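Taken from TrEMBL, the feature pyridoxal 5'-phosphate binding site applies to Gly247, Glu283, Pro284, Gly285, Arg286, Tyr380. For Arg286, Arg322, Tyr326, Glu352, Tyr380, the entry in TrEMBL reads substrate binding site. Annotated domain 'Orn/DAP/Arg decarboxylase 2 N-terminal' per TrEMBL: 44-289, in sequence order. Under the heading N6-(pyridoxal phosphate)lysine, TrEMBL lists Lys68.
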Amino acid sequence: MSVVEGKAMTAIADVAASRTFDGVDLHALAAAIQTPFYAYSANAIRQRIAGLQTAFDGLDHRICYAVKANSNIAILQLMAHQGIGADIVSVGELQRSLAAGIPAERIVFSGVGKTREEIGKALAVGVWRFNVESADELALLEQVAKEQGACARAAVRINPDVDAQTHAKISTGKAENKFGVSIDEARRWFVQSSGSAHLRLDGLHAHIGSQILSLEPFRRALRRVEDFRRELVEAGHEIRSVDIGGGLGVSYRAGLDRPVDVNEYAALVREIFASFNGTLVLEPGRYLVGEAGILLTRAIRVKSAGEREFLVVDAAMNDLLRPSLYEAWHDIVPLHDRREPARYDVVGPVCETGDTFARDRAMTRCRAGDLLMIGGAGAYGSSMASTYNSRPLTAEVLLDDGRYAVIRRRQSFAEMVAGEQLPQAWNET
Ligand SMILES: Cc1ncc(COP(=O)(O)O)c(C=O)c1O
Ligand SMILES: N[C@@H](CCCC[NH3+])C(=O)O
């Protein structure tokens, strides 16, 4: 394929103008790879990591990437090469992280539904910390650690009852949400669990939600955590780590979304935790990869229905669920030279009305075969994809300074149905 040399660019307008992403010509790429497919800029991810590291420079901190945002092993390996750890919520994510070269001692394990089996596996490989979300889980953790002759390191996930001012489905820090425990409950844990040989409860954790575009929710939540930490220290407890979660938002609407400045975020964290001399843990997901990914798709046809025009593309809700699930906005840019304006409902081929990427969206007039890119697709895109309507999982491609590598090939039919079988023997229970 032909490529154009150049630097990584994440601003979607720049990509649209140059038709290149991380130095790779997108038309040439789409000639080589069948659409729809995801393309990620390695340089854009490295730039985000470097920016975050610089902002927290000098502070004792660890960045544990939230694997759920984009769990492709090549992306995790890129994180590992930059010294980044992992925030996981399942044994599957643990296995991916280890396979990608992220050491267990840089992995934190979050989630409300950790099972005995999952806790056992994570303990056995030496996961650094468990972010514990219920009294039942805390007891189970201690019990499993005892059975293994191990000592589990735990942080209590605080639910600070703060409104993250984000979409209700991705808000996690209000009292009504399933996550974490109240400060009153956490206080009781510290009193009861001191002195165990198999459980060291010496950390605090809070993650109030995702796609947060203002510093205020962070300020409120982190102040509560820090006030509680001081109270615990005064009562004689040792707190070695404070995990401030993820949640930093990204720009999905070029020129309109105003994400939090990472340096201002770091300044806030420095101010709030000025008297803390343990390790701060960060769990960014979307911030590191969201704007570093696009979904490339082709127009199948334009369908007119009265006043409305539907632009039917070959990507669908099974590939990128966010618009259907959260009514999320993603910029959609046709990569052609025509200038005639049009308005489209941009839809996929799936048999649901919810399979809609955008309604009445202004863009240039499209024709069948046109290449389009959907922006902000690096986080919670491929990782939330399914094979609904028996559509194969798309390919994923990593771009790096004018080169590309396929990091997941398009799923074959045989791969899609692997594991399915006709009933051969009927079992009695
Ligand atoms: C515990 C935890 N940490 C980190 C994250 C990452 O969030 P984000 O992608 O918004 O940074 C999530 C997801 O919201 C999470 O549940
Ligand atoms: N999946 C959500 C974010 C949830 C974060 C996980 N706790 C999104 O696409 O915005």
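Even glycines carry a Cβ here, placed using N, Cα and C.
TrEMBL does not curate its annotations; it predicts them automatically.
The shown structure was predicted, so the numbers you read here are calculated from the model rather than taken from an experiment.
Recorded features from TrEMBL, shown on the structure.
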residue: Lys68; record: N6-(pyridoxal phosphate)lysine; Cβ neighbours (10 Å): 21
residue: Gly247; record: pyridoxal 5'-phosphate binding site; Cβ neighbours (10 Å): 31
residue: Glu283; record: pyridoxal 5'-phosphate binding site; Cβ neighbours (10 Å): 25
residue: Pro284; record: pyridoxal 5'-phosphate binding site; Cβ neighbours (10 Å): 26
residue: Gly285; record: pyridoxal 5'-phosphate binding site; Cβ neighbours (10 Å): 24
residue: Arg286; record: pyridoxal 5'-phosphate binding site; Cβ neighbours (10 Å): 26
residue: Arg322; record: substrate binding site; Cβ neighbours (10 Å): 23
residue: Tyr326; record: substrate binding site; Cβ neighbours (10 Å): 15
residue: Glu352; record: substrate binding site; Cβ neighbours (10 Å): 14
residue: Tyr380; record: pyridoxal 5'-phosphate binding site; Cβ neighbours (10 Å): 27
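A gap of 13 Å separates the Cα atoms of Arg286 (pyridoxal 5'-phosphate binding site) and Arg322 (substrate binding site).
Checking the binding-site residues (Gly285, Tyr326, Glu352, Tyr380) against Lys68 (N6-(pyridoxal phosphate)lysine) with a 10 Å Cα-Cα cut-off leaves Gly285, Tyr380. The full span of the recorded pyridoxal 5'-phosphate binding residues, Gly247, Glu283, Pro284, Gly285, Arg286, Tyr380, taken as their largest Cα to Cα distance, is 15 Å. Proximity of the binding-site residues Glu283, Arg322, Glu352, Tyr380 to ligand 2, judged by a Cβ distance under 6 angstroms to any of its atoms, singles out Arg322, Tyr380 in sequence order.
Taking Gly247, Pro284, Gly285, Arg322, Tyr326, Glu352 as the candidate binding-site residues, the subset whose CB lies under 6 angstroms from any atom of ligand 1 consists of Gly247, Pro284, Gly285. Other residues of the same chain near the pyridoxal 5'-phosphate site, with their Cβ within 8 Å of the Cβ centroid of Gly247, Glu283, Pro284, Gly285, Arg286, Tyr380, are Ala66, Ala69, Ser210, Gly246, Leu248, Tyr287, Leu288, Gly290, Ala379. Using CA atoms as reference points, the binding-site residues Arg322, Tyr326, Glu352 were checked against Gly285 (pyridoxal 5'-phosphate binding site), and the closest is Arg322.
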